[in-house]
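All remarks here apply to the structure that follows.
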Amino acid sequence: MALPKIYVALDCQTQEAADNLVSQLPAGKVGLKVGKELFTAIGPDWVKKQVEQGFSVFLDLKFHDIPNTVAKAVTSAAKIGVDIVNVHASGGTEMMSAARDALKQFDKPPLLIAVTVLTSMSDSDLNEIGIQATAEQQVLKLAKLAQQAGLNGVVCSAQEARMLKHDLGTSFKLVTPGIRPANSATGDQKRVMTPEAAIEAGVDYMVIGRPITQAADPTASVAEILTSIGE
C-alpha cells in the first residue's frame, strides 16, 4: 500500500494531547510523525498502538551514533511497525550502511531516510559550526552519501527538492518539513513552501505540524490540504 503524502507532526508533550489530536485525523489519509518530544514522553507502546489502528508512522528520532548502536536502533523501530525511520547523514557512510543492513531481515522494512541539513539552519549557522558550504551544497553532498550507502531517501527542505530529484533520480525519496499552506505563519522554519508547490517540486512525503495541530478544526485543515494537492 502506498504511504500517505502527508505526515502530521505530533509535537505533543502528553499522551492525552496526542490521543486528542490523533482522534481528529483520518487514518490511511495522513500519517503520524513522532519525534523526540513525544516518543520520550510516552514511548514505543503508544506508537505501536497507532500502527495497529491503521496509521502510517514516521519515527523521527534522527539516530546519530556509532554504527552498531544505530543498527540496533533502526531494528527496534522496524519491530514497532513504523513505515519511515531516519538517521543523520553526517554520521557517515559506515553508520548509514550498518542501518541499511540491519533492516534487510524484515519482509517489509521501513524506508530508511537520512537527515541532511536541519531546515532551521541557515548558511551562517553552518559556517558557525565549521561547514563552509552553503546549506544547498551541504544538502547535496550528504544526500549523495546517503544514496551511495543504499538509503531510500533524505529529509530536505522543499527548496532543494528539484535539485535532488535531478541529481539523484526520481526514485530517491524526499521527505520535507517546513510545509506551510499559503495562509500560515512560517514559525521557526527558515526554508518553507506550500503543499502544492512542494508536490510540484518533487517532494514525496510532507511533514506538516502547526497548520494542522494548532488549527481550530484539525480535521477540516487536513481535508483542505489534501484537496489542495489533489488527494
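Backbone N, Cα and C atoms are what each Cβ position is placed from, and that goes for glycine too.
Pulled from Swiss-Prot:
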type     : residues                                             : note
BINDING  : Asp11, Lys33, 60-69, Thr119, Arg180, Gln189, 209-210 : substrate binding site
ACT_SITE : Lys62                                                : active site, proton donor
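Recorded features from Swiss-Prot, shown on the structure.
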residue: Asp11; record: substrate binding site; Cβ neighbours (10 Å): 18
residue: Leu61; record: substrate binding site; Cβ neighbours (10 Å): 17
residue: Lys62; record: active site, proton donor; Cβ neighbours (10 Å): 17
residue: His64; record: substrate binding site; Cβ neighbours (10 Å): 17
residue: Pro67; record: substrate binding site; Cβ neighbours (10 Å): 18
residue: Thr119; record: substrate binding site; Cβ neighbours (10 Å): 23
residue: Gly209; record: substrate binding site; Cβ neighbours (10 Å): 21
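In the three-state DSSP reading, Leu61 (substrate binding site) counts as strand. Distance noted between the C-alpha atoms of Lys62 (active site, proton donor) and Gly209 (substrate binding site) is 17 Å. Secondary structure at Pro67 (substrate binding site), taken from DSSP and collapsed to helix, strand or coil, is helix.
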